[in-house]
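Peer 1: Checked TrEMBL, it gives:
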- 1-21: signal peptide (SIGNAL)
- 31-52: transmembrane segment (TRANSMEM)
- 79-97: transmembrane segment (TRANSMEM)
- 117-140: transmembrane segment (TRANSMEM)
- 152-173: transmembrane segment (TRANSMEM)
- 179-198: transmembrane segment (TRANSMEM)
Amino acid sequence: AFFWLVSLLLSSLVWFIAVKASDPRDEPLQKGLLIFGVMFSVLLQETFRFLYYKLLRKAIEGLVALSEDGCSPISIQQMAYVAGVGFGLMSGAFSMINLLADALGPGTVGIHGDSQLYFLTSAFMTMVLVFLHTFWGILFFHGCEHRRWWEITAVVVMHLAVSGSTFCNPLYVGSLVPSYLLMAAAATWAYLLSGGSAQNLRRFLLCKS
């Protein structure tokens, strides 16, 4: 969560400087800066995810050196899951803070003919990002651990695609549907990489040991 906050702080600082140094009356330029800020923020988040992986790898090596049996008490898969949850929860918390700030007013959602589903769709988008960050953490760490750079690239591309799809709003179908499809694909991929199988899933659904 702290690493995600630092990435957000740095990307916000860069975007703030870019906006202040540009002409606020130039709408195409401001929209371009917004797109640049989102893409830069995504790349910075993934950079900090990699830095966090390197830090955890050093921590595991230290734990192995101190343990009596030469084994780490926690696996890299567990750390990947926890790191993904931390990124996702902090991302969701900031998304909800922004929504609640908008909900204070003034004005009424949809009063000028816009969609009245703004808060509902934003809640669904926040939820999918929390899950995606969790799955991306597993995929990203697995790619780093096994030197599969295409897995890392896939995570970055998916993150860019989900963030970029929000520019389709207020056509919320254009952002929610692709995001949930990507979430399903990332969930399946992360499940298989974590050692899951169809047999395990069937046992879980049937409550069998």
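Using the three backbone atoms N, Cα and C, a Cβ is placed for every residue, glycine included.
Just so you know, TrEMBL annotations never went through curation; they're auto-generated.
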Peer 1: Please tell me whether the transmembrane segment (31-52) and the transmembrane segment (117-140) touch - that is, whether there are at least 3 C-beta pairs under 8 Å between them, with each pair 6 or more apart in sequence.
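Peer 2: These two stretches do touch.
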Peer 1: Short question: which residues 6 or more past the ends of the transmembrane segment (179-198) have a Cβ under 8 Å from it?
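Peer 2: Residues 77, 125, 128-129, 131-132, 134-136, 138-139, 142, 158, 161-162, 165.
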Peer 1: So which residues does the transmembrane segment (117-140) touch in its own chain, when a touch means Cβ under 8 Å and the partner is 6 or more beyond its ends?
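Peer 2: Distant Cβ neighbours of the transmembrane segment (117-140) are 46, 49-50, 53, 77, 80-81, 83-85, 87-89, 91-92, 95-96, 99, 103, 109-110, 151-152, 154-155, 158-159, 162, 166, 169-170, 172, 175-176, 179-180, 182-183, 186-187, 189-190, 193-194.
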